[in-house]
Amino acid sequence: MELTKHLSLLALALVAVLAFYGHSTDACVCELAHPQKHYCNADYVVQLRVLRKSETLQKYQTVYKVQIKRIYKATPEARRMLRDGRLSSPSSDSMCAIKLELGKIYIIAGRMPQLNLCSYYKEYINMTISERRGFSGAYGTACNCTINTCYKQQCPWQRESADSCSWSMHDKCKRDYSSCVLHKRQTPVGEVQYCRWRRTLLYKKCLSYP
């Protein structure tokens, strides 16, 4: 009975994830992550414009010809790939295809060797100021703090942690306007360090208008 109840709750959580983000297909489900986590886990983070798209039927791939406008982060291997100005993605939705529109500018946080639906991608014009600052480098200063995702309205663990923050998939204010950063505090036994969410003015304003 308990197992059945647990599986039912898990299924409901999965449905909620798919409805909330919309980055899924019949056979492709991605782990939910805060933008900061995408940045920290990425092999490269770039701002680019999509120039052309071509289909490679033999390899079941879509190849995007792109203009790299800015490189915010890249491993040596990723830099070599980016010099070619081409990014590939599976062509089939069931294989986690990514859909980019020609002429538009995106921020992409990707992993080698190719893009897929689980990569971070967002049109630059639709990003908040906090997200733009984060991907241009602010997120990179906080990668020593990890972000754990929970699927409830409120995470069951909310206390400050030495190395992590908790984030609910329903919390758009933290997603759009905050980052998990390391703070220092003096105590009677000396200085302690812990990770917590930045309470910026935009974040506080978002909380005022849920």
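Using the three backbone atoms N, Cα and C, a Cβ is placed for every residue, glycine included.
Among the candidates CYS28, CYS40, CYS96, CYS118, the disulfide partner that TrEMBL records for CYS30 is CYS118.
Here TrEMBL annotates a disulfide bond for CYS96; of CYS28, CYS40, CYS150, CYS155, the partner residue is CYS28. For CYS40 (disulfide bond), the nearest neighbour among the recorded positions CYS28, CYS145, CYS150, CYS155, judged by Cα separation, is CYS145.
For the pair CYS150 (disulfide bond) and CYS30 (disulfide bond), the C-alpha distance works out to 14 angstrom. Within the same chain, residues at least 6 positions away in sequence whose Cβ sits under 8 Å from that of CYS145 (disulfide bond) are ASP163, SER164, CYS165, CYS180, VAL181, LEU182, CYS195. Assigned with DSSP, the residues of the domain 'NTR' (28-143) fall into helix, strand and coil as follows: 38 helix, 43 strand, 35 coil.
With respect to Cβ neighbours within 10 Å, the disulfide-bonded residues CYS30, CYS96, CYS150 differ, and CYS30 shows the lowest count.
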